[in-house]
Amino acid sequence: MSTSISLLIPPILALSFLLFPPISAADFNREFDLTWGQGRAHILDNGQLLTLTLDRTSGSGFQSKNHYLFGKLDMQLKLVPGNSAGTVTAYFLKSGGAAWDEIDYEFLGNLSGQPYTLHTNVFTNGKGDREQQFRLWFDPTADFHTYSILWNPNTIVFSVDGTPIREFKNLEAAGVPFPKSRPMRLYSSLWNADDWATRGGLVKTDWSNAPFAASYRDFRAGEACVWSGGETATFCTPPAATSGWLNQRLDSMNQQKLRWVQSHYMIYNYCTDTKRFPQGPPTECNTAAAH
């Protein structure tokens, strides 16, 4: 568990970050609305920092002003430190309507000194049940780390600090629904979920540690297609200068890193849960193209 993930990154990949400078971070005032929490969410430092807090009365949350139909979106988060048991920091893309699509990160808090659980899920047509959970190879409360979503017509990739941890491929040809026609907003929230979040609800939130706080910075959506139409769409034209992500797939090096993370840090995979799926796993788990 102590092996450094950076050992898997070759010099040529590190050089690519120098050849292609990053897109500048967005102003939270321009990109997001504080949607709930009655003053528990704050935008600070001239729009460069956003904080959410949770106390016994309420949590808080925000949402993007824009809808996106495909894109590569990055956000740096620093999670609730110390005894965060019972708390959940959610960061996700979601469409509207009763049959919604969703691409979901949830960070499940834990007792001091115990690791966070990173919970991921993909919903299509209002149905999820595609959970994969991970431990992280660093302390996500000590500093900011980048959590990314690449969503294009071919695949959805979850990445942490540029390292892929999960891929959900478009397998519509095998009968697996894939989110591709419902524009989504980006949402985040900090809330109390001590009925299930930590050890299945056995560990409750210790309110003597409140208020709990999570911080956000360096939101980047320059590689994304902003949608300004209705609830559904069939096509959206991204900025020409950044459209390479639209057809991007994991190359062999990133597939290797994905397998390494999943073999060392994955703690739950719905595809291998035989008690939950006694008749066999869902179709995407059995399809060779998914691996």
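Glycine residues also receive a Cβ, built from the backbone N, Cα and C atoms like all the rest.
In TrEMBL this protein carries:
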- E102: active site, nucleophile (ACT_SITE)
- E106: active site, nucleophile (ACT_SITE)
- E106: active site, proton donor (ACT_SITE)
- 3-216: domain 'GH16' (DOMAIN)
- N110: N-linked glycosylation site (CARBOHYD)
- 1-25: signal peptide (SIGNAL)
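Note on the domain 'GH16' (3-216): mean pLDDT across this stretch is 90.
Applying an 8 A CB threshold to same-chain residues 6+ apart, the list for N110 (N-linked glycosylation site) reads S84, A85, Y116, T117, T198, V203.
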